[in-house]
């Protein structure tokens, strides 16, 4: 499974690089302001480059702190994975992921795919963002379900054919757990699927926002984004780090997953710098490519946050056995969503 997930991450990177090279300047058929730099006095390429270098460094450090903190929580007694405090922290981090999907990624996609720089037909005639986000959520559900089934089948999670039924119909193939710890093994497989799918969505989103920052020469925008993205990546990393911790991977696999998360936004910024001579954020190709990627990422993140993280936590035995804990976790999730909503003003 480790080799499969690593291969998946490498494939995502290659696809994103290829997609980014399809982003080209606007053609002559679009308004002039969509094909050229604006007259904004903040646009200064010479001053923007040092800020981008600072952004790469600070966001990398913030991402490493965010995704690494949960992985070292086992050494802190009150943050043990089965404790109440860790559960509250997980709900807070899940709220951040939910807020990211609803307040950052989805609105950006709506703005891009409804831009005046795009042709009236078909972009202004059909809600592509909502459609793709919905489709992405359904596809994530299918991937989530099938991956769980495949991993469960591959690892033979304590299932045994029922041999005392009558006849030879399909009912005789019903299987039941044979050991008390089989449910724990099945849950572990679910955690691993969740961690992989969630990382996939976050990687796509992180590269896209890094690409946008790296390509712009607006120093005013960059300054605001640096601080906002540091907090954004740190808290989002906490959510992913908690999922990686629960998946109980080997130390090498944890490092690989944490590394890929930490470097995606800096990688996107570096890629944006490299493409800054041909990339125009208002060009039709850029708006369509990034807008479609954001819509897909939003659907995935919203599904994962609501279904695999928050719903699974709230419907689990730990919270169902305590109304007080439910209130605490709800407040934590609300706080996470609220924090990302505030950050939406700048990022």
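Please read every residue number as a count from 1 along the shown chain.
Just so you know, glycine gets a Cβ as well, placed from its N, Cα and C.
What TrEMBL records for this protein:
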| type | residues | note |
| --- | --- | --- |
| SIGNAL | 1-28 | signal peptide |
| TRANSMEM | 52-73 | transmembrane segment |
| TRANSMEM | 85-106 | transmembrane segment |
| TRANSMEM | 126-143 | transmembrane segment |
| TRANSMEM | 193-213 | transmembrane segment |
| TRANSMEM | 257-279 | transmembrane segment |
| TRANSMEM | 285-306 | transmembrane segment |
| TRANSMEM | 327-346 | transmembrane segment |
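Beyond the ends of the transmembrane segment (327-346), by six or more residues, the same chain brings 84, 87-89, 91-100, 102-104, 107, 224-225, 227-228, 231-232, 235, 310, 313-314, 319 to within a C-beta distance below 8 angstroms of the stretch. Residues 19-20, 22-24, 26, 94-95, 97-98, 100-102, 105-106, 108-109, 112-113, 115, 117-118, 123, 128-137, 139-141, 144, 194, 197-198, 200-202, 204-205, 208, 211-212, 279 of the same chain lie 6+ residues outside the transmembrane segment (285-306) yet bring a C-beta within less than 8 angstroms of a C-beta in it.
Counting Cβ pairs under 8 Å to the transmembrane segment (52-73), the stretch among 85-106, 126-143, 193-213, 257-279 with the most such contacts is 257-279.
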